[in-house]
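Visitor: Here it is, the structure in full.
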Amino acid sequence: MTVETGLLTSQSKLRTSTALLGAIVLALLLAAPFFLYPIFLMSVLCFALFACAFNLLIGYVGLLSFGHATFFGGAAYITAHAVKVWGWEPLSGILLGATGAAILGVFVGFLAIRRQGIYFAMITLALGQMFAFICLQVPFTHGEDGIQGVPRGHLLGLLDLNHPLPMYYVTLAIFLAGFFAIWRIVNSPFGNILKAIRENEKRAVSLGYRVDRYKLGAFVMSAALAGLAGGTKAIVFQFATLTDVQWQMSGEVILMTLLGGIGTLIGPVVGAGLVIALQNYLAASDFPVTVLIGIIFVICVLLFRRGIAGEVMELLKRKAPQ
Amino acid sequence: MVNSQPILSATGLSMEFRGFLAVKDVTLSVNEGTVHALIGPNGAGKTTVFNLLTKFLTPTRGRIMFRGADITRLKPAEVARLGLVRSFQISAVFPHLSVRDNLRVALQRPSNLATQFWRSSNVLSKVDDQAMSLIDAVGLSRYEHLPAVELSYGRKRALEIATTLALDPTVLLLDEPMAGMGHEDIGRISELIRRIAKQRTVLMVEHNLNVVADLCDRVTVLARGEILADGAYDVVSADPRVREAYMGTEHE
């Protein structure tokens, strides 16, 4: 009995401290553009959302996708085209990008979820390469040039996004909406089944779950959210290029998620922040960025297997009961 | 006590793995309301038969009928939905979910609470009463919040039986429910199976012959993929071929 009540109070304590921490983080995010370069912050937010979407799949269903650039970059192209060529309003352009990514997710997911482990990763990689090749060939993506000079326009025809501050707050709002969606999915009845499938797929089948449908559902959700990130990126940077759909981008998001901590909500955000910060601040120096990121990656894999956020949380958990 | 109506039956079941015939022409019928044991020496094909009956494997030849319907070509999840639910030889729990959450997972689908991704998982407290009564039934109430991985072996098996029961199955297939258990646990799980069997049919693979003698109405002996004997325990255990199959493997 005492153990149980102790557990309950520690849970409610945890809840209040999480709420407090959330409020502090939100205040920092709101104040951030006054201290840091807004373009850098927006870049972090877009990639953080991309990594969170990727983590929904690997962290909560146990599926390693090696082709997530398809959804990120595919959405970037769709959004860029809709806004530049069709003259769409930016938010609906972004939403169209996310919808396009979801449809791509249905196709890729349908083919890939029939296999597990390394085979799943290989199929997603192969389909991702095919998609990158299509993007190189079809006319609307403009091949090597990509779609350049996408106008930021006015959000819902009202808010001028050509100024950095409104653009930052819109990006932040989209990030928070995406992050909330992932948090909701993970902590929903559906999320509970996803975790069960990750834990023991055969048992889930023997309890009558058609696990393929759950996996496909999660795959499409992850693709749509990755598309949300990609579409937003196209508006923020005003271009969509082949870089966004190539396998290096799929690799980068894996790296971010691993560094930050798989299966933690905040881990991918930390990982994305770290990788983008390194790329930005080292871009001007002579030191090759990829070498340094490689070294950090090796150190992380050797020292903190759970990723940065994973290790910190484990440390707090170990401290908490005393 | 013994109802003679077969609820689950297999006819001419064979399973070939790349030229190796693991199960040869097995014909088996499980009568409604009975506890039926499948026994036999190691490698006799008992688990393969289980996998065939629950569709985790598709038979090379043969037919499986459940409650009058042909289920030979169904998928495992479909079979489970029809009320033919299995446990596994290696404890099948969701290791990092708590005991209560293990039960919740089992109860979610029957309660239509499995696909909502937009609602808080707090709605799952709806099934908690049911979960708690099942946890109580297997004597795990004290461990409700413990992750399943931290339970002792016997308690993991008890949890697995509880999650299997959560689906309210018509037929339970238990693959070695007592394997690796201590004396005390065996008594508790036997008692539990006896209670379950009052309303349901149980088919179990079991090595512990005392348990089989004590619990089961009917025994089927499998050796080298074939049925050797079938009948009441006293009759089957007196059969010289059965004795030889068991002893023979030790002397070979």
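In case you wondered, yes, glycine gets a Cβ from its N, Cα and C as well.
Grabbed the feature section from TrEMBL, which reads as follows:
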TRANSMEM  A:20-50  transmembrane segment
TRANSMEM  A:57-79  transmembrane segment
TRANSMEM  A:91-111  transmembrane segment
TRANSMEM  A:118-140  transmembrane segment
TRANSMEM  A:167-186  transmembrane segment
TRANSMEM  A:216-241  transmembrane segment
TRANSMEM  A:253-277  transmembrane segment
TRANSMEM  A:289-308  transmembrane segment
Visitor: Taking the transmembrane segment (A:20-50) as the reference, which of A:118-140, A:167-186, A:289-308 gives the largest number of Cβ pairs under 8 angstroms?
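Guide: Checked against A:118-140, A:167-186, A:289-308; highest Cβ contact count belongs to A:167-186.
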Visitor: Please report, as numbers and ranges, the same-chain residues at least 6 past the borders of the transmembrane segment (A:253-277) whose CB is under 8 Å from any CB of it.
Guide: 40, 43-44, 47-48, 50-52, 54-55, 58-60, 64, 66, 68-69, 72, 179, 182-183, 186, 293, 296-297, 300-301, 306-311, 313
Visitor: Cβ pairs under 8 Å only, please: of the recorded stretches A:57-79, A:91-111, A:118-140, A:216-241, A:289-308, which one is richest in them relative to the transmembrane segment (A:167-186)?
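Guide: If we count Cβ pairs closer than 8 Å to the transmembrane segment (A:167-186), A:216-241 scores highest.
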Visitor: Counting only residues 6 or more past its boundaries, what in the same chain has a CB within less than 8 Å of a CB in the transmembrane segment (A:91-111)?
Guide: 67, 70-72, 74-80, 82-83, 123-124, 127-128, 131, 155-156, 170, 174, 215-216, 219-220, 222-228, 230-232, 234-235
